[in-house]
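These features come from TrEMBL:
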type     : residues  : note
TRANSMEM : A:23-44   : transmembrane segment
TRANSMEM : A:65-91   : transmembrane segment
TRANSMEM : A:103-123 : transmembrane segment
TRANSMEM : A:130-152 : transmembrane segment
TRANSMEM : A:172-195 : transmembrane segment
TRANSMEM : A:227-248 : transmembrane segment
TRANSMEM : A:254-275 : transmembrane segment
TRANSMEM : A:282-299 : transmembrane segment
TRANSMEM : A:305-326 : transmembrane segment
Amino acid sequence: MSLAENTPRHIPDRLRSPLQAKLVSWESLLLAVGIGIFIFNSLASPYFLNAWNLSDATFNFTEKAMIAFAMALLIISGEIDLSVAAIIALASTAMGVAMEMGAGTPVLVLVGLGTGLLCGAFNGALVTKLGLPSIVVTIGTMSLFRGISYIILGDGAFRGYPESFSWFGQGYVFWVITVEFVIFAILAVIFGVVLHKTNFGRMVYAIGNNPTGALFSGIRVDRVKMILFLLTGLMSGLAAVCLTSRLGSTRPSIASGMELEIVTMVVLGGVNILGGSGSIPGVVIAAFVMGLVTFGLGLLNVPGIVMSIFIGLLLIGVIALPRLWAMRRKS
Amino acid sequence: MQDLTQKPDVKTQGGAVLKLDGITKSFPGVKALDGVELELHAGEVTALIGENGAGKSTVVKTLTGIYQPDGGSILLNGAPVRFATPQDAADAGVTAIHQETVLFDELSVAENVFIGHAPKNKFGLIDKKAMFDRTTEILNSIGAKIDAHVKLKDLGIASRHLVAISRALSVEAQVVIMDEPTAALSQTEIEELYELVDTLKAQGKAILFISHKFDEIFRIADRYTVFRDGQYVGAGLMKDVKEADLVQMMVGRAVEQLFPKREAEIGEEVLTVAGYSHPTEFEDINFTLRKGEILGFYGLVGAGRSEFMQSLIGITRPSKGAVNINGDVRVIRSPAEAIDAGIVYVPEDRGKQGAILDMPIFQNVTLPSLKKTSRDGFIQLANEFALAREYTERLDLRAASLDTNVGALSGGNQQKVVIAKWLATKPRVIILDEPTKGIDIGSKAAVHDFMSELASEGLSVIMVSSEIPEILGMSDRVIVMREGRMVAELEGDDMKPETLVRHAVGINSTGDAA
């Protein structure tokens, strides 16, 4: 209580430099894990260090990561969208219907994106206008969206997408660099900038940390959340375009279970599932790590079901290790 | 303590079931209880009286094992006891009916009553029959006509309250503490509660009754004890005391000039509020605020002051009424619009509403001002640090760095961050809701000093406070609210502690209409 001082005390901006902070972060730990897996893979299989194989491997994560970026923002704000894979199914089905009606590639893309946006708007409206918890709303819409796909398609499938439509999922921009990978890279930059460099991103963090405090601070909380649901829907629509283009067909079971892989990617990337913290670089690294693990295990002929065990263990391990380490240091 | 000699003789006649002797309890920066005394007698109701912050709730928590006293002793039937946990207190027969008891909607009445200590059968499972029988017995003993099998969610507020009371009585209680039991009840329910208190008295229980309301204290209490600022002031029999004496004891001190109120030039009207009403929280609020003025809002907790202020900044919508700010009639529908209109609010609940504890100081300060510090929606860190520095240093904030999380600061410094945040928006009107609640003396003085400085610079200040010295020391004018209504507007020589308390509790010993 030294009120005697007349000159105000100077408060420095920071004690640690931003670079120092980055060195001891989740992202660095994850990056180290990723490099470790990369080295392990290149030793374990002679086919790993091959440009074309690695290029193929990126398909393991590019579509998921597109959605994961938007999902990261949504989870940081304290909400979640579990209907994303179902949105892919519905958007893909809508594109199939449009294709049957003779739509060309540009219209197909618009239909895919538009369907995603509509689904996002529906989720967002239920959460922000009615005040329902997003986890419940999107578990509901997850069944709803995919259910519509099943009604339209039954056991059938849409095939025969136009030749030019295959560019999104099968095209290359340059040498081994795929179109999807370029979309992924561009989105990573855009979402990174939005979350870390704009007022909007700051508001997302504020809402996730304390929605009441954010509201009292003049942030239009519902509007921000609505935008995030729209973004997540839009990204799901985009992923639907890429996936449908890559597979060349639409079945109602398309992308099933993908929502959990996306949430896994986001959490592995260091985003707090309870909201409030996380980063896009973290999600980017997590995408690569998950892609490397699946690809490496694939080269070793590990079946898909076993692979999901590895992903699960990886998630638990990477999250539990720092906590265990902190506990040991304390005792 | 100088008051010890004034202790009336009745207190020493023995027969006290429970006795507190020299109980002391400190929290960081605050001495909540400073050597207090309290005696409870079998078959009698003792009223514990004091202003907000006098230490009443701390006593309750000490008696029920939630807090451990730092010093002094608790004597139960003459023997010293220690309540390490609420369970210890319950086992010893001390039970409390809190202002808001946590009940479980989806459980039956009996399960609610016996949650945590249900009777067990020989297999160690809950003996349902015994539980329902005992519950019915307790309900009957307090004259409550409630079926023990009904789920709690199907009961009304009054019945729920009776369930809460039954829960308190489900332990073999010698001492029953009632902490503002009538706060949420209607008049008929209050009458029923009085009857219940009489029943408990007849059963020989010692009752501690905490209330702000003088009419009910005189109605049901046999004895009183008065606390002020965590200290024991006096005790005695109700029949020997008058309202005016109690008010005097509660308020006590002459209001010291702790408060650096500067003469500010009071200018033109800045804000006019007309006929502001809400269906449940407040009704017909009218006032005018001038440039450079500090307007105090006094009232008891629950008088609707915060609810009104939050409505003024668009958190809740008023059902009626308009705001005129600088000659511009507006409807404010959100805090964002309030900020645009130049009205900002420093809430009472710092942790939840005021600050975002897990974010750095500078980000908290700039949150409502991001439009100003950014360029085309992109964050400009240099501008943010500059703005945050300007205002936090002006408030003499103590922090290691501006990127420290607000949650790591002391209460007083957190409050400075919140005030800095709002001043950085350059408001016309700043509303401070209990601005110095729970902060240390040093920060308190800094906040008061600063408030004065702001007013003298032409800002209009509304200060909601339950602390009389603060209200009287800082305000140019005081509005008293009771039960959602403005009951008095006081200026100059009318601003006296007794007058404020009288209006706030709704008594009129002078015979005037309150």
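A Cβ is built for glycine as well, from the same backbone N, Cα and C atoms used for every other residue.
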Long-range Cβ contacts under 8 Å made by the transmembrane segment (A:282-299), restricted to residues 6 or more beyond its ends, are 26-27, 30-31, 33-34, 37-38, 40-41, 44-45, 47-48, 53-54, 56-58, 60-62, 64-65, 68-69, 72, 184, 188, 192, 261, 264-266, 268-271, 306-307, 310-311, 314
Counting Cβ pairs under 8 Å that sit 6 or more residues apart, are there three or more between the transmembrane segment (A:103-123) and the transmembrane segment (A:227-248)?
yes
Which residues of the chain, 6 or more past the ends of the transmembrane segment (A:65-91), have a CB below 8 A from one of its CBs?
111-113, 115-116, 119-120, 123, 127, 134-135, 138-139, 141-146, 148-149, 183-184, 187-188, 191, 194-195, 201, 204-205, 207-208, 211, 224-225, 228-229, 231-243, 252-259, 262-263, 265-267, 269, 271-278, 280, 283-284, 286-287
Under an 8 Å Cβ to Cβ limit, what residues of the same chain, 6 or more beyond the ends of the transmembrane segment (A:23-44), are close to it?
268-270, 279, 281-282, 285-286, 288-289, 292-293, 295-296, 299-300, 318, 322
